[in-house]
Each structure stands twice: as C-alpha cells, then as structure tokens.
Amino acid sequence: MAILSLQGVSKNFGALKVTDDVSFDLAPGEALGIIGPNGAGKSTLFNLITGNLRPDAGQVLLDGRDITLETPMQRCASGVGRSFQIPQPFDHLTVYENLLVAARFGGGLAASEAPLACMDILHRTGLSALSDRKAGALPLLHRKRLELSRALATRPRVILLDEIAGGLTDGECVDLVATIRSLHAEGTAIIWIEHVLHALTSVVTRLIALNFGRVLMTGTPDEVMAAPQVQEIYLGIEA
Amino acid sequence: MKAVLTLGVGLAVVLALALVPVIGPRILVQDLFKVLCLLVLALNWNLLAGFAGLVSVGQQAFVGIGAYVMFATTILWGWDPLAGMLIGGMLAMALSIPIAFFAFRLNGAYFAIGTWAVADIARLSFGQWRALGGGTGTALPRDATREMFGVGLVRDLLGVSPAAAIDAVTYWLALGLATVMLVACWLFLRSRMGLGLQAVRDNPVAAQSVGVDPTRLKALVFLLTAFVTGLCGALLFIQIGRITPDAAFSVIDWTAFVIFIVVIGGIGTLPGPIVGVLVFYGLQRLLSDYGTVYLIALGLIGIAIMLFARRGLWGGLIHCIGFDPFPLGHAAPRLARQSIKEDAA
C-alpha cells in the first residue's frame with residue numbers, strides 16, 4: 001500500500017488554479033522528485049501535503065487514512081516531516097534546541113531520549129560543532145542543513161524536501177546529497193522538489209513534472225527529462 | 001556553580017524579605033506588599049506578552065474578578081477571605097476560557113484592544129452588583145479580616161495590633177506567591193512546553209511543522225496567568241479592605257504600570273520584571289510628591305527604554321556581565337568533551 005497518496009487534489013487562489021487535479025502514490029521508502037518551472041505549484045503541493053493549506057477538492061491519504069482535514073501538527077506527529085524552501089529556523093534558539101523542539105513535539109521523544117537522538121542527527125548532518133550556536137546567526141549552508149536536521153528530528157516516515165540544494169556550491173551540494181541518499185537507503189520515503197537536476201536525479205527513482213498546477217508527466221528520471229514537453233518548459237537544459 | 005550561587009542569593013533575599021514584618025516598620029511592610037504584588041502581576045504579563053506573544057491590555061479584568069469574587073464569598077457567604085481568594089483565582093481562570101474564545105480570534109494590536117474592551121465590560125458588569133455596593137463599592141467587614149486564617153496566630157506570636165497582623169499575613173502570602181511564581185515560570189519555560197512556546201515566538205509556521213500547537217500553548221499560558229492574576233487581585237484587595245469597580249478594574253494600576261515594569265526591566269527575560277519592579281518602586285518614592293508629573297516621567301522613561309534599550313535594563317546588564325542567573329537554554333550534551341575529561345583524569 002502507498003504510504004502517501006494524493007487523489008484529485010485541487011487548490012485555487014481566487015481564479016488561479018495553483019494545483020489542478022493532482023494524483024499520485026508514494027510507495028514506502030520511495031524517493032520521488034518533483035520538477036517544474038517557477039510558479040508551477042510545487043511548494044503549494046507541499047503545503048497541501050503538510051496541511052499548511054487545505055485543498056478545495058480531493059483527498060490526501062497517509063497509510064490509506066484520510067488526513068485531508070488534519071492540522072500540520074497532527075500530520076507531523078503521524079510521520080510527515082518537511083524542510084522549507086526558505087529556511088525557517090527558530091532564530092533565538094540554538095541549533096540543538098531547534099532540534100530538541102522537533103524531537104520532543106513532532107518526534108514524540110521523552111526528555112531522556114531526545115538529547116541523544118538530536119546529537120545523532122547533528123553528527124550526521126555535520127552540524128554538531130555548531131550545536132550551541134544561535135540558529136539566527138547561521139550562514140545559508142548551515143541553515144539548509146538545519147532545515148534537514150530539524151525535519152529529521154520529528155522522526156518522519158515521509159520527508160518533504162523543498163529545494164534543499166538550491167543556492168549551494170557544488171561541493172556543499174555533494175555532502176547534502178550523500179546525507180539524503182543515506183536517508184533513502186534507510187527506508188525513509190522522500191519527496192524532493194529541486195531545480196538542481198543532477199543532484200535530484202542522482203537520488204530519486206521517479207520524477208513528476210508539474211506545469212500550471214497539473215501533472216505534465218510521470219516516469220523515470222531519464223524518461224521525463226527526455227520528453228519533448230518537459231524539454232520545452234526546461235528550455236536549454238540537457239538531462 | 002552558577003546555579004548554586006543563584007539559589008543561595010535567592011534564598012537569602014527571600015529569607016530577608018520574610019523577616020521584614022518581624023523587624024521592619026509597618027509602612028515598609030505595606031510598601032513591599034504592593035511591590036511584591038506588582039512583581040506577581042509583572043511576571044504574569046511577561047509570560048503572556050514576552051513569551052506567548054499575547055500582548056494583553058486587559059489583565060485588570062482578572063485582578064477585578066478575583067477581588068470581587070473574594071468580596072462576594074466573604075460578605076455574602078461569610079467565608080474566610082483566603083478561601084475566597086482561591087475561589088477568586090479559579091473563577092478568573094474559568095472566565096478566561098470564554099474570553100480566550102473571543103480574544104484569540106484577534107491578533108497583535110487587535111488582541112490588545114479586544115482584551116481591554118473585555119476588561120471594561122467586566123468593570124461595568126461588576127458595577128451593577130448591588131449586593132457589593134454597585135458603582136460606589138463596599139468594604140470588607142472588620143471581623144472577616146481579623147478572624148482570617150493565620151491572623152490570630154501572628155498577633156500572638158509578634159504581639160502586634162490586629163491591623164499589623166493582617167498586613168503581615170497578606171505580606172507573607174504575597175512573598176510566597178511571588179517566589180512560587182518566579183520558580184514556576186522558570187520551570188515552565190525550561191520544560192517541553194516552554195521550549196515549544198519559544199519556538200512559536202520565533203516562527204509560528206515552522207513550529208507547527210515540527211508538531212507544536214501554537215494555539216494550545218498560548219491558551220494554556222492565558223488560563224494559568226488568569227488564575228495567578230486573579231489570586232493576586234484578591235490578595236491585593238484583602239489588604240486594601242475596600243473595593244470599587246474603578247479601583248479593582250483599573251487599567252492604569254494593574255496593567256499600564258505592569259507593562260511599564262516589564263518593558264523597562266526587560267521583556268522576554270525572566271529577571272526583567274524583578275529589575276523593573278525595583279526601578280518602578282524607586283521612581284515612585286522619588287516622584288510621588290509631584291502628582292501628574294510623575295506619570296509623565298514614567299511615560300518618558302518607558303519610551304526612552306523602548307527606543308534605546310529594547311531589551312530593557314536587564315537585557316543591557318546581562319550583555320555587560322554575561323551571567324544569567326535564570327538560564328532558559330538547553331545546552332547540547334557534550335559526550336566528546338566529557339570523555340576527554342575522563343581520559344585526562
């Protein structure tokens with residue numbers, strides 16, 4: 001059974017259809033990539049999955065259970081984690097405390113378990129040396145890592161990554177991709193929105209191309225990137 | 001080490017304050033009683049505005065409700081005023097539920113105005129209570145406070161007049177309330193819920209996405225502060241002994257001064273209200289002979305602090321000395337460093 005399933009999900013902002021009848025299934029442990037031009041409705045799709053937005057039509061299912069009316073907090077507790085496109089750290093808390101909040105609330109860990117779980121994640125994402133630094137003072141790369149780390153601290157079964165590699169240098173990107181790949185290897189299901197295509201296609205096994213809120217095409221990365229209609233919207237990009 | 005220092009100094013201060021009714025003059029007891037009550041109100045408002053982001057200008061509603069309920073149980077039912085104080089606090093909390101239901105639909109400045117309006121509705125409503133004197137108010141019966149729990153004992157022990165014994169009992173209650181409130185604030189802010197509250201303060205959307213429910217935490221803080229504010233209101237008016245709607249629901253006395261105290265002391269810091277209340281008391285002693293000039297001076301000082309020292313006096317102080325007696329942070333576990341120390345040993 002699919003771990004996450006969208007069925008005919010639509011969302012309008014006034015007359016604008018930002019998400020138009022989108023349906024797809026995510027298998028447990030699958031890594032799915034979402035591409036599309038700016039304004040295609042990618043981040044809106046994430047907000048519909050996490051519950052920050054309510055769809056006007058359609059359903060979101062987690063483990064076959066309808067979660068369309070649940071709050072972001074409930075969905076987080078049920079195992080949906082996310083990182084924001086523009087990092088949203090808790091500025092006045094330290095890096096470690098940022099994770100601690102996530103572990104204690106969304107992750108449901110007890111006071112005795114949470115500290116070590118947080119440190120494990122910080123070691124893994126390369127932030128352990130900065131754990132007592134205020135999150136508001138971090139540079140971009142570390143903010144991106146913090147986004148990923150904090151999402152992991154909620155112990156997600158499905159993790160939504162929104163342009164986590166955007167704005168990073170190639171070297172930084174390689175490290176991040178390695179971390180994401182290891183997550184995938186452990187069986188965490190991943191949906192990843194990304195413009196840095198080489199990073200994306202090195203991890204995901206399936207791609208969805210969105211345009212004007214609709215699913216333009218679904219397939220393996222090679223199939224999707226080779227399709228004329230995708231090439232058209234990504235003019236000049238060679239897969 | 002630092003924790004021991006804080007605990008030691010704190011205990012010494014509380015002990016010294018507890019001795020004031022035994023050795024100090026009665027006027028000092030009465031003055032410090034006011035200071036301690038204002039500290040309790042300030043700690044509550046700081047928790048609301050500084051940590052939960054709920055800038056309420058209507059906390060006088062809970063002071064008034066607590067006070068009026070205490071008067072009602074004492075005068076109409078003949079209860080001990082201290083039992084009435086407890087009921088007053090609980091009723092203030094109970095009434096904060098419908099108030100929250102309406103006020104939580106508003107944000108920021110609208111929330112402030114909404115709570116103010118609610119407090120004024122409460123003032124006008126309690127002014128209709130004929131049995132408690134309506135708009136002109138009423139006084140507590142002399143016997144009720146003289147026979148209050150503990151007053152007889154204190155009279156015998158200290159050998160003082162009944163009025164002085166009442167002052168001593170209310171003073172010790174205020175000291176106890178302030179101490180418990182301070183410790184409870186610290187424990188709460190260090191707890192899971194306090195951590196969640198600080199996350200919500202920094203970024204409500206991100207807090208939701210890591211499982212923190214902002215509305216639930218804010219409602220909890222609103223309810224708990226209503227309880228303590230109600231208790232404090234009842235205690236204030238046991239000592240004052242007279243009540244009118246205008247005095248019990250005074251926005252100047254129970255909210256404007258309290259906001260001033262928290263802002264000059266350092267909003268969103270735990271010691272801020274303590275520093276603020278000391279400065280406020282000092283200014284009051286210095287300027288109280290000058291009438292309205294005193295209020296103008298307070299306002300100017302408040303504006304100056306908001307413009308030039310946004311973290312308040314405590315925020316500036318902590319920046320200079322780098323020592324926080326009430327650390328709210330959670331240090332990351334230092335496994336590596338610990339093992340190095342063990343190796344060296």
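Backbone N, Cα and C atoms are what each Cβ position is placed from, and that goes for glycine too.
Keep in mind that what you see is a predicted model, and the values were worked out from it rather than measured.
What TrEMBL records for B:85-104 (among others) is transmembrane segment.
Feature annotation from TrEMBL assigns transmembrane segment to B:169-189 (among others).
According to TrEMBL, the feature transmembrane segment maps to B:219-238 (among others).
If you look up TrEMBL, you'll see B:250-270 (among others) marked as transmembrane segment.
Marked as transmembrane segment by TrEMBL: B:290-309 (among others). For the transmembrane segment (B:290-309), the list of distant contacts is 257, 260, 263-264, 280, 283-284, 315-316: same-chain residues at least six beyond its ends, Cβ to Cβ under 8 Å.
Remote same-chain residues near the transmembrane segment (B:250-270) are listed as 38-39, 41-42, 45-46, 49-51, 56-60, 63-64, 116, 119, 182, 185-186, 189, 201, 233, 276-277, 279-280, 298, 301-302, 305-306, 311-316, 318, 326, 328 (criterion: CB distance under 8 Å, separation of at least six residues from the stretch ends). The list of residues near the transmembrane segment (B:219-238) in space but at least 6 beyond its ends in sequence, with Cβ under 8 angstroms from a Cβ of it, reads 37, 40-41, 44-45, 47-48, 51-52, 54, 56, 59, 62-67, 69-71, 81-82, 84-86, 88-93, 95-97, 99-100, 104, 140, 145, 148, 166, 170, 173-174, 177, 181, 193, 197, 248, 254.
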